[in-house]
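Chemist: Here's a structure for you.
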Amino acid sequence: MINRTRRLRRNKIVRDMVSETSISKNDLIYPLFVVEGEGVKDEIPSMTGQFRYSIDNLLLEIKDLLDLGINSIILFGIPNSKDPYGKSSYDENGIIQKAVRKIKEKHPKMYVITDLCMCEYTSHGHCGILDEDGYVNNDKTLDSLSKIALSHARAGADMIAPSDMMDGRVKAIRDALDGEGFVNIPIMSYSAKYSSSFYGPFRDAADSAPSFGDRKTYQMDYRNSDEALRETEFDILEGCDLVIVKPALTYLDVVRRVKDNFNIPICAYFVSGEYQMLRDAVDKGLLNEDAILEAHYSIKRAGAKLIITYFAKDIAKKLK
Ligand code: PBG
């Protein structure tokens, strides 16, 4: 016998010594949903243990996150009013703008990333401005996205994450931000964002399901991965600072291909449907709780630096 690979598995110390990947609290970004009103903390029916918060309760939650060592969040807004143009998305007194201002006032240490999209704000639920025939008009949407980005930046957002999947949006947003002097706000682009059934629970949570059709004319086709490299390349050329692959668990091959082809930090989004499948399996005792860590390590192994995950608190507690 020449090779005994079991030698390096003999006890926990040596296993830890030779472990190739690790998860730090710095890698975790926690998604939060914010609604208008006061005193609201409603559990989202499709997402066990996740809540919609009004701003007052959001601030309390953020205090808990900081105490756990989670220093970054990504915010999703659920507005009171919607219209075909999604105007409430760039209202200076819109839900996200108010929330960011308050968070930065109370908890300036929390790093606030804002998801930039229109689907929560449009009455039709699509991620942009519609032509008469219902097609999402790319270039008209870019104007709105720029306005939203500016309103987030003025409110104090630390990083902007466009998730709409329009072509040319990174450049449009970069130009708009730079034009107002926000040269130091990074853009984390959802570069490889697939048209996925795994977003189902999120759409219930954010009330953002399209009222007709689907998102296949702008989000990516799940049969492709060469296309993910093209999307990533264009976003990098347009000046994004980090890239997102989404979903995560079902797209680990894409994470790895992006890692091997580009030199830029990758964030993988462990999406709502992936969360709920695993949550259910663990809660029902079908899987051991360690499955949660194992799933996150698979994402790190694939090459992601950051993970947006509804499990962030569970993991932070385990790392304590
Ligand atoms: C907005 C957006 C979506 C998600 C994040 N940003 C929904 C969608 O594209 O339909 C999904 C996140 C999740 O499922 O956890 N466009």
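Yeah, the Cβs are placed from backbone N, Cα and C, and that goes for glycine too.
All annotation found in TrEMBL is predicted automatically rather than curated by experts.
TrEMBL feature annotations, pasted as is:
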- C117, C119, C127: Zn(2+) binding site (BINDING)
- K193: active site, schiff-base intermediate with substrate (ACT_SITE)
- R203, R215: 5-aminolevulinate 1 binding site (BINDING)
- E231: Mg(2+) binding site (BINDING)
- K246: active site, schiff-base intermediate with substrate (ACT_SITE)
- S272, Y310: 5-aminolevulinate 2 binding site (BINDING)
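Buried or exposed, and what's around them? Tell me for each listed feature.
Modeler: Cβ neighbour count for C117 (Zn(2+) binding site) (all protein chains, 10 Å cutoff from its Cβ): 25. Taken residue by residue with DSSP, C117 (Zn(2+) binding site) is part of neither helix nor strand, so it is coil.
When other Cβ atoms within 10 Å of the Cβ of K193 (active site, schiff-base intermediate with substrate) are tallied across all protein chains shown, the result is 26.
Here the Cβ of R215 (5-aminolevulinate 1 binding site) has 21 other Cβ atoms within 10 Å, regardless of which shown protein chain they belong to. Under the DSSP three-state reduction, R215 (5-aminolevulinate 1 binding site) is assigned to coil, being neither helix nor strand.
The Cβ of E231 (Mg(2+) binding site) lies under 8 Å from the Cβ of S191, A192, M220, each of which sits 6+ residues away along the same chain.
Mapped onto three states, the DSSP output places K246 (active site, schiff-base intermediate with substrate) in strand. Sequence-distant contacts (6 or more apart, same chain, Cβ under 8 Å) of K246 (active site, schiff-base intermediate with substrate) comprise S163, Y190, A192, K193, Y194, S196, A268, Y269, V271.
A simple way to gauge crowding: the CB of S272 (5-aminolevulinate 2 binding site) has 25 other CB atoms within 10 angstroms, across all the protein chains here. Secondary structure at S272 (5-aminolevulinate 2 binding site), as computed by DSSP, is helix.
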Chemist: For the Zn(2+) site (C117, C119, C127), what does the 8 A shell look like? I mean other same-chain residues with CB within 8 A of the CB centroid.
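Modeler: Close Cβ neighbours, site residues excluded: M118, E120, Y121, T122, H126, G128, S163, D164, S208.
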Chemist: Of C117, C119, C127, R203, R215, which is closest to Y310 (5-aminolevulinate 2 binding site) if I measure between C-alpha atoms? They're all binding-site residues.
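Modeler: Nearest by Cα distance to Y310 (5-aminolevulinate 2 binding site): R203.
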Chemist: Pop the Cα-Cα gap between C117 (Zn(2+) binding site) and S272 (5-aminolevulinate 2 binding site) into the table, whole Å please.
Modeler: 17
Chemist: From K193, E231, K246, Y310, which recorded positions have a C-beta atom under 6 Å away from some atom of ligand 1?
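Modeler: Not one meets the Cβ criterion.
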